[in-house]
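**Q** Let me give you the structure first, and then I'll get to my questions.
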Amino acid sequence: MTARVQGQEPVATPILHVDMDAFYASVATRDRPDLADVPVIVGGGHRGVVLSANYPARVYGVRSGMPSTRARRLCPDAVVIAPDHDEFSVVSSAVMEVFRRVTPLVEALSMDEAFLDVRGAVRRLGPPAVIAEQVRAVIHDEQRITCSVGVAATVSVAKLASKRAKPDGVVVVPPERVTTFLHPLDVGELYGVGEKTRASLHRLGLVTVGDVAHTPVGTLRRALGDALGTHLHELAWGTDRREVSPGRSGVFGNGGGDPERSMGAQETFSRDVDDREVVLRELLRLTSRVTTRMRVAGVAGRTVAITVRFADFTTITRSRTLSEATDVTQEVYRAAVGIYDALGLQRARLRLVGVRVENLLPREQVHHQHLLGEREHGWSEADRAMDRATRRFGDAAVRPASLLG
DNA sequence: TCTGGGGTCCTAGGACCC
DNA sequence: TCTGGGGTCCTAGGACCC
């Protein structure tokens, strides 16, 4: 397949997937040459998980997402560093800026990886593989961290290629070598295939990507559902046509500015909790965190959902849709408490609670039927006053009375 | 002292409407 | 005395990704 743009020669492999190597660990140690060859784990507080492990730590089997207790057992000598999220976002922004110097067609998938469509840059900068090396050199010079790049005709193949390139390399997969590249891979490598789906596929006797490719779509759809079945078959042949979309990052298909999104916050208690007052205070904290972010983003939402995780790790979510979208702390909190009380938990031991607001839309689109002077209006004013004070005096300056002390 | 926190999308069932 | 069909909204849960 070749991509064409008017006035430009076709480019066989216009898509780059750039992925930082052990991003958090690399950033955390870039000023610590003494840690270069020492196992390093970022994250992993009390009841936490590993955010990132450098390559020396990975030798011991440490992986990101692993419970920190297990990681320390595997590698007791590892240096554990607390994450500095502010620094991560600064580096992330700088890296994304490097990408945008190459092309405006950049889709950030997360802090540390992005797709680049470079078909418009080849005249200026050279073939995609050359661009890939330039990007790597610039990031290394400016940020002192390494990254790996996959180069291919499609985003899904580019993503798999960057994994193959790790660490600190480039892999180009030309169109004529796509199936040769894909088919020997384990099905678990495909984007969207996790533990459960991999197990389902294994039960069907499908172990490699090639196995999936040579299975009728109908079989896959019956086993995995319409969407996933169809999608995996495309991925297995490298025929997925999803474009790089600079707007939003979507997991499946091409989203293209879909407004249906959510914002939430959740927190694991340092010790399991069975006291209603403690839970409610936490719900208020989390709600306030979420609604503050919503007001900054200029969005409101109609559906309030809470998550409750019990001591045994079973997790439930319950939601309630309001008649009107809101960004008012007290309204979201009232809904959250209503949902919580409806659960009727009698001193159950809770590990975590969370609050999420869904069905977000731009605040301008919320039509207010509230009468002036109604209570809601007062709460909204109070929120905005809090926001202003927070901006001027910082987070600790202003908070609901029940969160004091 | 196992198992974070921020998200997205899909599925399935029930209610409700035409 | 046998059961329609969509379509949309809402809710709950599950799977997945980084």
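Note: Cβ is positioned from N, Cα and C throughout, glycine not excepted.
From TrEMBL, here are the annotated features:
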{"type": "ACT_SITE", "residues": "A:Glu113", "note": "active site"}
{"type": "BINDING", "residues": "A:Asp19, A:Asp112", "note": "Mg(2+) binding site"}
{"type": "DOMAIN", "residues": "A:15-194", "note": "domain 'UmuC'"}
{"type": "REGION", "residues": "A:246-268", "note": "region 'Disordered'"}
{"type": "SITE", "residues": "A:Tyr24", "note": "site 'Substrate discrimination'"}
**Q** Averaged across the domain 'UmuC' (A:15-194), what pLDDT does the model get? Just tell me the whole number, please.
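**A** The answer is 97, the mean pLDDT of the model over that range.
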**Q** Is it possible to get the count of other C-beta atoms within 10 angstroms of the C-beta of A:Asp112 (Mg(2+) binding site)?
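**A** The answer is 23 other Cβ atoms.
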**Q** I'm trying to understand the geometry here, so how far is the Cα atom of the residue listed as 'active site' from the Cα atom of A:Asp19 (Mg(2+) binding site), in Å to the nearest whole number?
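**A** Each residue's Cα considered, the residue listed as 'active site' and A:Asp19 (Mg(2+) binding site) end up 4 Å apart.
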**Q** What are the sequence-distant neighbours of A:Tyr24 (site 'Substrate discrimination'), meaning same chain, six or more residues apart, C-beta distance under 8 angstroms?
**A** A:Val42, A:Gly43, A:Leu51, A:Ser52, A:Pro83, A:Phe88, A:Asp112
**Q** In terms of DSSP three-state secondary structure, what is the assignment for A:Glu113 (active site)?
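**A** A:Glu113 (active site) sits in a strand per DSSP.
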